[in-house]
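Report on one structure; see the data block that follows.
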Amino acid sequence: MSRKSGSRSSSKRSKKSGGGSNVFDMFTQRQVAEFKEGFQLMDRDKDGVIGKTDLRGTFDEIGRIATDQELDEMLADAPAPINFTMLLNMFAERQTGESDDDDVVAKAFLAFADEEGNIDCDTFRHALMTWGDKFSSQEADDALDQMDIDDGGKIDVQGVIQMLTAGGGDDAAAEEA
C-alpha cells in the first residue's frame, strides 16, 4: 500500500482513511475530473460501464480500427466490468508500478497507431488538445515539432515511444538519442 505523497493534504498523511482502499485519494480532484471526462467520452451508451461496443466506438473516433481480439484483450485486463471506479483502480495500479511506466507509454501511443505503426498527425494533434491535460494549440505544435513527421503527415509510433521512454531512467539511452 505505498501511497505517493504528492497529494493535496500532507497533514493528513499519518491518518489512515479506510486502509487506503479509497482509490479517489490517490489522485487530485483535477485528475479525477479528467478521468471522469475521459470515461464519459468512452461510455458511449451511457450505461456506466465501458464495454466492447464503447471501446470500438472510441477507437473509431480516433481513426484506429481495432480487431475483436484486441478489444477482448483490453477488456480482459480488467478484473471486473469497467465502471468509473474500476477505471480509476486500473490507472492507480499502473501508477504505482514503476516498471510498467514505459509499457503504459508504449500502449498509449500504440492505441493511436494504424496497421503500419504510424499515427496521423492531425488526429494526434486533436487528441492532445481534447483529452486529459488539454494542450493549447501552441503546446500541441511544440510537441509535434519534437516528432518526426513524414511527408504524408504520419508519425512513427516506435520513434515517439523510444524518444519518450529513453530518458525514463536509463541515462545511457538518453545520451544516445
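Here the Cβ of each residue, glycine as well, is placed from N, Cα and C on the backbone.
The Ca(2+) binding site annotation in Swiss-Prot covers Asp43, Asp45, Asp47, Asp54 and is backed by sequence analysis. If you take the C-beta of Asp43 (Ca(2+) binding site) and look for same-chain residues 6 or more apart in sequence within under 8 angstroms, you find Val49, Ile50, Asp54.
Residues or ranges marked as compositional bias 'Basic residues' by Swiss-Prot: 1-16.
Taken from Swiss-Prot, the feature domain 'EF-hand 1' applies to 30-65, supported by sequence analysis. DSSP assignment over the domain 'EF-hand 1' (30-65) gives 23 helix, 1 strand, 12 coil.
Residues or ranges marked as domain 'EF-hand 2' by Swiss-Prot: 135-170. Here the domain 'EF-hand 2' (135-170) has Cβ contacts under 8 Å with residues 101-102, 105-106, 109-110, 112-113, 116-122, 124-125, 128-129, 176-177 of the same chain, all six or more residues outside its ends.
Sequence annotations record features per position, and here Swiss-Prot assigns region 'Disordered' to 1-24.
The region 'IgE-binding epitope' annotation in Swiss-Prot covers 13-30 (among others), and the record cites experimental evidence as its basis. The average pLDDT for the region 'IgE-binding epitope' (13-30) in the predicted structure is 63.
Long-range contacts of the region 'IgE-binding epitope' (22-48) within its own chain (CB-CB distance under 8 A, at least 6 residues past either end) are made by residues 3-4, 7-8, 54-55, 57-58, 83-85, 87-89, 91-92, 95, 131-133. Taken from Swiss-Prot, the feature region 'IgE-binding epitope' covers 22-48 (among others), and the record attributes it to experimental evidence.
As annotated by Swiss-Prot, region 'IgE-binding epitope' applies to 49-66 (among others). With a cut-off of 8 Å between Cβ atoms, the residues of this chain six or more beyond the region 'IgE-binding epitope' (49-66) that come close are 39, 41-43, 72, 74-75, 81-83, 87, 111-115, 120, 123, 127.
The region 'IgE-binding epitope' annotation in Swiss-Prot covers 58-90 (among others).
Residue counts for the region 'IgE-binding epitope' (79-99) under DSSP, split into helix (H, G, I), strand (E, B) and coil, are 15 helix, 1 strand, 5 coil. According to Swiss-Prot, the feature region 'IgE-binding epitope' maps to 79-99 (among others), an assignment based on experimental evidence.
With DSSP classes pooled into helix, strand and coil, the tally for the region 'IgE-binding epitope' (118-141) is 15 helix, 3 strand, 6 coil. According to Swiss-Prot, the region 'IgE-binding epitope' annotation covers 118-141 (among others), on the basis of experimental evidence.
Ranking the binding-site residues Asp47, Asp54 by the number of CB atoms within 10 A of their own CB puts Asp54 at the top.
Long-range Cβ proximity for Asp45 (Ca(2+) binding site), meaning a same-chain Cβ under 8 A and a gap of 6 or more residues, is found for Gly51, Thr53, Asp54. Within 8 Å of the centroid of the Cβ atoms of Asp43, Asp45, Asp47, Asp54, where the record puts Ca(2+), the same chain has further Cβ atoms from Met42, Arg44, Lys46, Gly48, Val49, Ile50, Gly51, Thr53.
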